[in-house]
Amino acid sequence: MLCLCLYVPIAGEAQTEFQYFESKGLPTELKSIFKLSVFIPSQEFSTYRQWKQKIVQAGDKDLDGQLDFEEFVHYLQDHEKKLRLVFKSLDKKNDGRIDAQEIMQSLRDLGVKISEQQAEKILKSMDKNGTMTIDWNEWRDYHLLHPVENIPEIILYWKHSTIFDVGENLTVPDEFTVEERQTGMWWRHLVAGGGAGAVSRTCTAPLDRLKVLMQVHASRSNNMCIIGGFTQMIREGGAKSLWRGNGINVLKIAPESAIKFMAYEQMKRLVGSDQETLRIHERLVAGSLAGAIAQSSIYPMEVLKTRMALRKTGQYSGMLDCAKRILAKEGVAAFYKGYIPNMLGIIPYAGIDLAVYETLKNTWLQRYAVNSADPGVFVLLACGTISSTCGQLASYPLALVRTRMQAQASIEGAPEVTMSSLFKQILRTEGAFGLYRGLAPNFMKVIPAVSISYVVYENLKITLGVQSR
């Protein structure tokens, strides 16, 4: 009888032995998979129960809450294949061994920066013979009964632009794991993200419309506060007027997200290296180019959104009527007013948002990622809120100028202006503060927008058959 024994060291306790299962025979082709004793490092799983739960979740095919011999063997076979792929991706020199520099480079490619000392610490935990390199056998023995591959897990749990929608779709698109792309889960994530964005934008639409009104109409002579702005909107058009412009704002989510995703996949091939996952600067370049392509494609909808938000009661019967009147009165060029400041705003927004998010992600991973790369709800929401706020703060003057240019014809008698002349005019008449009109309601909507989009995203994932966190 062959008995597989698992020794699980628990910090502060004597080494405990657990007999997992017994079998009278083991197929010859599977003998290479097993070791009679497997040691699971205490820093990976602090308790046997936590370790067992992860193994059972990964291998339980019939969902009976238990792992029989056949399921366990299938889990080991499948997991070893995944480990082989990860090992090959880490082995940059193709010499059959992984050293500290290769670990640092692989994590750097994912945007996770660690020191050489940290890389050596990782090596020592797996290195059995003291060579400070890891061969395939050492890698397999260490990770075989660890149900998570850390590199894809980081991509899986730390999605950003797919989850969070604050109304400005200028963020760098998320990466998807190989498994997500092969199984078609990527489009489910995008659909869930689109639905979450629609609900989030609808819930925060009153604040978004107030922001647009303050960007266009507020000045030193017309000091518009938040309460006064809401009162003015309700007095002019009733409570329903708070949602003016929301229809087109929601409608543009689907085409923009689809174009952006497809463009990003193409840009990755142009700017990327041979690595499966892009480096941070490559992601920024590919994401910014994809964002520019998507924005160029749907920009007329951006102009319509601004005009619809600024309209007075009875001015337009709907979106199509608004578009027809703009076309008849101002021509096709009117649908691209503010295009240049909008394009220029992509780099600071996407760059700072990505940089801040990656910095916060790396800090958390280095300090707290022991058992899993899953940061939990509150950490993810906090990182998303902070990075989005920083990105908006950096690009806000350009966004304000874009909105004023889009709104030119909606203000009767307003002269035709360029981006540079509008900047000069604002600085001359209102000072630097004038470039940040409407910032308060814009920031007020970030936390509810992020929270609502996250909750809706998680629920839509379950509905669409995507495993929740």
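In case you wondered, yes, glycine gets a Cβ from its N, Cα and C as well.
The domain 'EF-hand 2' annotation in Swiss-Prot covers 78-113.
Feature annotation from Swiss-Prot assigns domain 'EF-hand 3' to 114-149.
According to Swiss-Prot, the region 'Regulatory N-terminal domain' annotation covers 1-165.
Positions annotated as region 'Linker region' by Swiss-Prot, on the basis of similarity to another entry: 151-160.
Among the features that Swiss-Prot reports, region 'C-terminal transmembrane transporter domain' is placed at 166-469.
Positions annotated as repeat 'Solcar 1' by Swiss-Prot: 184-270. Across the repeat 'Solcar 1' (184-270), the model assigns an average pLDDT of 89.
The repeat 'Solcar 3' feature in Swiss-Prot is assigned to 375-463; the stated evidence is sequence analysis.
According to Swiss-Prot, the feature topological domain 'Mitochondrial intermembrane' maps to 1-189 (among others).
The topological domain 'Mitochondrial matrix' (208-244): residue composition by secondary structure is 27 helix, 0 strand, 10 coil, according to DSSP. As annotated by Swiss-Prot, topological domain 'Mitochondrial matrix' applies to 208-244 (among others), with the evidence given as similarity to another entry.
Taken from Swiss-Prot, the feature topological domain 'Mitochondrial intermembrane' applies to 265-287 (among others).
Under the heading topological domain 'Mitochondrial matrix', Swiss-Prot lists 302-337 (among others), citing similarity to another entry as support.
Residues or ranges marked as topological domain 'Mitochondrial intermembrane' in Swiss-Prot: 358-380 (among others).
The topological domain 'Mitochondrial matrix' annotation in Swiss-Prot covers 399-437 (among others) and is backed by similarity to another entry. Mapped onto DSSP helix, strand and coil, the topological domain 'Mitochondrial matrix' (399-437) counts 28 helix, 0 strand, 11 coil.
Marked as topological domain 'Mitochondrial intermembrane' by Swiss-Prot: 458-469 (among others).
Secondary structure of the topological domain 'Mitochondrial matrix' (302-337) per DSSP (helix as H, G, I; strand as E, B; remaining residues coil): 26 helix, 0 strand, 10 coil.
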